[in-house]
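For reference, TrEMBL has these:
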- 6-426: domain 'Major facilitator superfamily (MFS) profile' (DOMAIN)
- 6-24: transmembrane segment (TRANSMEM)
- 53-72: transmembrane segment (TRANSMEM)
- 84-102: transmembrane segment (TRANSMEM)
- 108-130: transmembrane segment (TRANSMEM)
- 142-166: transmembrane segment (TRANSMEM)
- 172-190: transmembrane segment (TRANSMEM)
- 252-272: transmembrane segment (TRANSMEM)
- 284-306: transmembrane segment (TRANSMEM)
- 313-332: transmembrane segment (TRANSMEM)
- 338-361: transmembrane segment (TRANSMEM)
- 401-421: transmembrane segment (TRANSMEM)
Amino acid sequence: ILISDIIPITFLLSIASSYCVIVLLKQYNHCKMTLTFLCCVSLQWNLVCDNDWKAPLTTSLFFVGVLLGSFISGQLSDKFGRKAILFATMGVQTGFSFLQIFSISWEMFTVLFLIVGMGQISNYVVAFILGTEILGKSVRIIFSTLGVCIFFAIGYMLLPLFAYFIREWRMLLLALTVPGVCCIPLWWFIPESPRWLISQGRFKEAEAILQKAAKTNRIPAPTIILNPVDVEDLKAKQHQGVFLDLFRSRNIAIMTFMSLLLWMFTSIGYFGLSLSTPNLHGDAYFNCFLSAVVEVPAYVIAWLLLRVLPRRYTIAGTLFLGGGVILFIQLIPPDLHILSLILVMLGKFGVTSAFSMLYVYTAELYPTIVRNMAVGSTSMSSRVGSVIAPYFVFLSAYGKFLPYILMGGLTLLIAILTLFLPESYGKPLPETFDEMQQIKG
């Protein structure tokens, strides 16, 4: 409906993603005095040698915050509105990031980091929901597949640029909180979701937004857009599924279990590769920047493949590509650093492409009554994977290629399992569980 709103919404996502990847430049080799920052968190509180376990724990606790935020963001936005929660959680993310600057201990820094994670995922999810609800069908597809992902990558790319020129971690955090303050004026440009307003019985407010949208797009609109009686009848016919519906039969239970593994293992590969870029040979900032840049073509290719090829073969193929090069990177001679870097980026390309397809694929597998619940529940397992991922990177202390062997092996395993899932390409979205059962795998 409101094409112009795609820019401010995705700008918000860009800022959010900057915080999401703030941990990417953290080094794990400080005992060898390989320093990235002039004054870094690990040296600030002696997170080295015997205390080196605290470094991956810091990152994992951030993702624990992401996991917790995933639980509450949907419920809060359903109760208080998309727009209010979007800006409230942006405020939480920005405010607590600013408070981290004044941390006097590792414990204080970590607790604040956990809260930042809660705010980050909450405004990301709510912005995604708001965008899909206020944009027209054609723009909505572009927004959900390309807009969100590419602007996430832009925020990802900005981080190493910020960190390269600002080597003191407190000043870096300060620089990363400023854009959040700049988002305040967007409150007057981004509307509330008309769908949410209708669900709350606030028909006049919803009509006002739709009238404004029609005027902006130069489309004539009827005097009365919403008939309250018809809307109430529609709401009365809606039924809500429960979590156990995802396991109501053997076939559906197996599909759900495999989807949970698919999300979790893909997440481990994605975040494991993202967090390990500083440990690659060469400049840590440049490697991190490359890791972000490679996501842009990955998202574009994924979008193109989804338009013309079957889902499970496309996802499995990109996972085979990613997992294969990650697993066999250990065979590259140590002096061929550039080739190793290329292979890691190729692996990141494959895993990122697969990750971006999971939302679409999962939504197509389940019927309308539990579709949102299925996507939310299965994507939740990816948060578990992100909590585990930092410890895969930490294993490099015991063997340079050990993280890649484990990540590559898991990625190849889930690629094989994906081939046994049902195919949804070219089929109408299932409306009932009976229709879902007809999609064989």
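Placed from the backbone N, Cα and C atoms, the Cβ positions cover glycine too.
Remember, TrEMBL labels are computer predictions, not curated facts.
Away from its own ends, the transmembrane segment (338-361) comes close to residues 144-145, 149, 262-263, 266-267, 269-270, 273-274, 276-277, 280-282, 287, 290-291, 294-295, 297-299, 301-303, 305-306, 311-312, 314-315, 318-326, 328-329, 332, 375, 378-379, 382, 404, 408, 411, 424 of its chain (Cβ-Cβ under 8 Å, at least six residues beyond either end). By number of Cβ pairs under 8 Å, the transmembrane segment (284-306) is matched best by 142-166 from the list 53-72, 108-130, 142-166, 313-332, 401-421. Scored by C-beta pairs under 8 angstroms, the transmembrane segment (108-130) has its highest count with 53-72, from the stretches 53-72, 142-166, 313-332, 401-421.
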